[in-house]
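Enquirer: I'd like to ask some things about the structure below.
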């Protein structure tokens, strides 16, 4: 079996990678055997890796080195002292100057976002778990999201809610109505059309009912004595 013409190079060892041994992540190519944590050399899989400036880590060591204190300069120095390696020796000054004291906040939940869990879209930062469709809650990706006034949607529901109607006015109006309903604290009072008619509760006198009374007022006929 030959793989003539392949030019893919492993990001870790810079050697040719053939299809049978290929892993592609974040636009970079790796041998499966080279896809390892820089800190502990443990083998990584797609579900348990993290990266910083192209350097690979398992999630436990990434959190230990970067996330716990929020100060990347301190964590890099601690990592280098505990277990020196080529990547940490070359890169701490660049990373620490860029990430020291990060104050990025998630546009959805307003909490701090660390690089391990950050998605950046249209100048806003999000936790990966917060980057979801507002309508259905489904996870979004760079290629599947749409937004209106900073509100996130999947493209399917964006098309369903907005594009099919050809106007956004009904969306803004629905939001305004919802806010007014919430501030009123309950249902609105009934209109005049639904108020009971006071006169309807007074029954009208019937002719049959009035007849006995009228008959009682007639003078009795005289009695004829024999």
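Using N, Cα and C of the backbone, Cβ positions are placed for all residues, glycine too.
According to Swiss-Prot, the feature compositional bias 'Basic and acidic residues' maps to 191-209. Residues or ranges marked as compositional bias 'Acidic residues' in Swiss-Prot: 210-226. According to Swiss-Prot, the feature domain 'LIM zinc-binding 1' maps to 8-68, an assignment based on sequence analysis. Per Swiss-Prot, the feature domain 'LIM zinc-binding 2' maps to 104-164. Look at Swiss-Prot and you will find 173-226 tagged as region 'Disordered'.
In the displayed structure, how are the listed features positioned relative to their neighbours?
Expert: Note on the domain 'LIM zinc-binding 1' (8-68): DSSP counts are 18 helix, 20 strand, 23 coil.
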Enquirer: How does the model score the domain 'LIM zinc-binding 1' (8-68) in terms of mean pLDDT?
Expert: 79
